[in-house]
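Following: one structure in structure tokens, then a few remarks.
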Amino acid sequence: MVKIEYLTPASPEERKRYYREEWNIKQVPEYIIQSIQEREFGFDHVGRGPNDRYKVFRTPDLLKRFLKVRTPFAAYCSVAFYDKPRRRDRWTKAELVFDVDAKDIPVRTCECEGVCEICLNEAREIVLGIIDTLKGDLGLQNIHVVYSGRGYHIRVLDNDVMSVNTDVRSQIVKYLVGADVPENEYSLDFEKVSYEHFVIPFGYPNVFTKRVKYAILHLNENSELDEVNKKLLKDVLKHRQLIELDNWGMFKNKIGPQRYRKVIKGIASMNMSLVDAKVSIDLKRILRLPSSLHSMVSMKCTEVKNIETFDPFDDAVPKFVYER
Amino acid sequence: MVSVAFINPLSDEGKMIVRELGEFDGVLSENDDLMSIVTESRSQEISDDSFIPRSYFDLALKRIEWYAKKKNDRNFDHKQYDFLFNPDINKFDVIAFFLLCQAIGVKYGPNSRESRVLVESQGKLIENRLGKLSKIERNVLVTNILNSLLSSAHIKWTFFEDLISSKKLKLHELILDSGEIILDKDDFLERFSHKIQGRKPEKMYEALIGDRIKELVMIKMVMQNTENYIRQVGERSNREIEPNPILLELADKISEVLLASVQTFGQGSGGYGGSVKASALNPKAFPPCVKKVMEGMKSGGRNDAIIMFLTPFISYARLYPAVFSENITKQISDVDPTLSIIQNEILPLIFGAAERCSPPLFEDQPQDKVNLNAKLGFGMHQNPELKNEGETTWYTPMSCEKVKIHLPSLCKPDETCKKIGNPLSYYNRKIWVVKKESKAESAVEEDIKD
């Protein structure tokens with residue numbers, strides 16, 4: 001087992017070895033190869049950010065030659081499709097993407113500085129939840145996951161959502177992460193009925209319940225939630241085994257209804273940080289190219305075939321790391 | 001039974017009424033039939049002639065006036081507009097609606113304040129008109145209209161892309177399953193009843209979807225279609241040579257009605273009304289997100305917080321706080337001709353906040369001063385200079401929605417935040433409260449001196 005703290009930046013020699021001996025154009029996902037002429041590529045040659053932009057490759061072979069010759073520090077490719085990608089002109093559509101970065105997850109059970117096995121696994125759990133909602137609620141199918149080096153990218157290529165604008169994407173993000181507290185009082189003809197989110201086993205209330213459950217089970221005594229004081233946090237931690245057993249009603253009673261409301265409000269607000277929403281609403285973003293090397297941590301940006309069984313420390317470590 | 005066109009003037013019935021009218025010529029003439037329907041409306045106030053629309057043209061303006069006054073006038077008297085809820089007025093109402101759409105489409109386009117008011121007023125009219133019907137009639141009417149608006153029983157959520165984009169509908173308010181929006185009761189029961197425990201599925205359907213969501217969807221669809229129609233008219237008028245002068249006259253009158261409402265009734269509930277004058281900044285009235293940035297940010301969000309968020313907020317709060325209510329694009333020199341306020345008040349505040357960041361923003365990223373300058377409308381240059389103004393756009397302040405996306409850690413809402421959608425609206429609202437409080441305080445001090 002390789003520990004990520006051992007994964008220091010790759011040297012120029014190691015980058016050369018990676019692209020010339022290990023990397024293969026076949027590792028670039030088909031959904032990128034098929035649309036290669038419509039996408040913008042960007043490169044970072046020295047480790048200061050992708051400033052070599054607006055690159056276009058007419059064929060996979062030309063991309064292959066570029067990477068093998070230039071062995072860049074980092075390689076990126078647009079989520080956007082253009083008629084004229086060289087000028088980023090005539091945008092036609094863009095993948096819907098979600099960036100779950102392990103180091104930015106708002107509740108982590110580890111205390112590491114950067115990323116570690118524990119928080120990477122937690123990022124994977126969040127990804128699984130998001131995919132579940134993308135498929136189950138939004139009915140999307142063409143979903144790909146990429147291990148980015150320090151987290152995961154979810155890339156959705158269903159035609160239905162590729163053309164939607166920033167505002168729609170922003171609402172999709174909020175739906176997926178559970179950023180709004182659902183109503184709990186509904187008016188009928190002559191009465192009001194109360195349904196807490198956890199008694200509604202479908203739709204957004206159900207998504208919200210899952211995200212709240214995830215958050216509560218991953219909180220620790222140092223976690224910070226808006227308007228939740230230390231005493232309330234302590235009580236949440238004390239009774240959280242009830243949530244694990246899905247005894248929500250009992251949990252709410254133990255905490256008190258008013259205080260329960262505060263907790264879920266705080267979690268809803270925190271949930272906005274589960275993904276980097278700026279990435280999702282950006283229609284012209286460039287994302288790390290799957291198969292390329294994340295030189296900062298010496299990990300391969302890897303297309304994930306099966307997220308349930310994927311282990312970055314088995315599946316995304318370049319050979320040169322083992323030979324260091 | 002109330003006509004479908006009374007609720008959805010863009011329906012086939014509505015279009016038929018417009019076709020029957022034919023030419024524009026008669027829209028300014030006094031119409032006895034219209035006046036008698038108005039005066040015979042059950043609770044209509046007729047003590048003053050000005051309460052009674054005499055022509056299609058008048059009726060169109062009354063529709064707008066009703067909404068503007070209802071929103072802004074505390075002494076609004078619904079009896080002056082009771083005719084708008086009399087189904088007998090249907091034919092005239094439909095024509096008035098089309099006149100409004102065309103006038104606004106030709107002169108102002110779909111992104112104007114006038115367009116927004118018409119679209120919102122149509123939504124409110126429908127709500128109020130439905131409210132006067134019996135439950136059964138309301139249900140039948142809504143179902144009929146929905147059926148005509150939706151092509152199939154299985155509606156993908158992406159069908160409502162426009163409504164979601166314009167925030168008329170929020171994704172989380174809808175019940176979604178496998179990509180479809182669930183509106184039909186049987187469909188609901190088939191999909192979910194086996195999952196529901198300890199609650200009656202039928203009752204849950206009525207509460208979560210029922211007539212409420214169906215009506216919401218129907219109303220929002222009519223509103224969206226109204227906006228789309230205004231857009232079509234605007235696009236068509238760009239290709240035509242001369243718009244009808246009656247439409248242009250109506251468009252001018254619409255603006256006058258809105259302006260009169262604002263001038264007479266002031267700020268109202270924070271909609272389009274009210275004008276807040278530029279004055280020295282009062283940090284006590286800043287919203288929590290601005291206060292937080294003013295204290296300085298840690299690395300990571302520094303750039304967005306200072307450049308994207310704080311710079312537009314501070315500059316608009318100081319120089320043009322009424323930007324959203326006036327909805328007129330300005331440059332900084334329109335309100336600060338010598339740029340002295342920018343130099344002496346605004347930039348020092350922004351630089352102070354940048355300095356308090358950790359590490360100080362401009363120390364390790366001096367090039368960001370150029371970005372700051374660009375957000376003020378002075379192009380990609382180091383300092384604001386009049387000769388460069390207009391090279392870039394003066395960015396308007398980020399909405400709360402955008403703050404939540406770009407800078408989620410900043411959003412720690414207080415009570416006032418619940419009532420606003422933009423930090424600048426918070427400031428405009430709060431500044432009155434702060435002024436009032438300080439007046440009260442100085443009054444107390446005066447008392448003590450005495």
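Every residue gets a Cβ built from N, Cα and C, even glycine.
So that you can see what the record holds, here are the features copied from TrEMBL:
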type: DOMAIN; residues: B:281-416; note: domain 'DNA primase large subunit C-terminal'
type: BINDING; residues: B:Cys289, B:Cys400, B:Cys411, B:Cys417; note: [4Fe-4S] cluster binding site
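This view paints the features noted in TrEMBL onto the structure.
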residue: B:Cys289; record: [4Fe-4S] cluster binding site; CB count, 10 Å: 25
residue: B:Cys400; record: [4Fe-4S] cluster binding site; CB count, 10 Å: 19
residue: B:Cys411; record: [4Fe-4S] cluster binding site; CB count, 10 Å: 20
residue: B:Cys417; record: [4Fe-4S] cluster binding site; CB count, 10 Å: 17
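Each residue in B:Pro287, B:Pro288, B:Val403, B:Lys404, B:Leu410, B:Lys412, B:Pro413, B:Pro423, B:Tyr426 lies on the same chain as B:Cys289, B:Cys400, B:Cys411, B:Cys417 and has a C-beta within 8 Å of the C-beta centroid of that [4Fe-4S] cluster site, without being one of the site residues.
For the domain 'DNA primase large subunit C-terminal' (B:281-416), the model gives a mean pLDDT of 89.
Taking 8 Å as the upper bound (exclusive) on CB-CB distance to chain A, the binding-site residues B:Cys289, B:Cys400, B:Cys411, B:Cys417 give B:Cys411 in sequence order. Secondary structure of the domain 'DNA primase large subunit C-terminal' (B:281-416) per DSSP (helix as H, G, I; strand as E, B; remaining residues coil): 78 helix, 4 strand, 54 coil.
B:Cys417 ([4Fe-4S] cluster binding site) falls within a helical segment according to DSSP.
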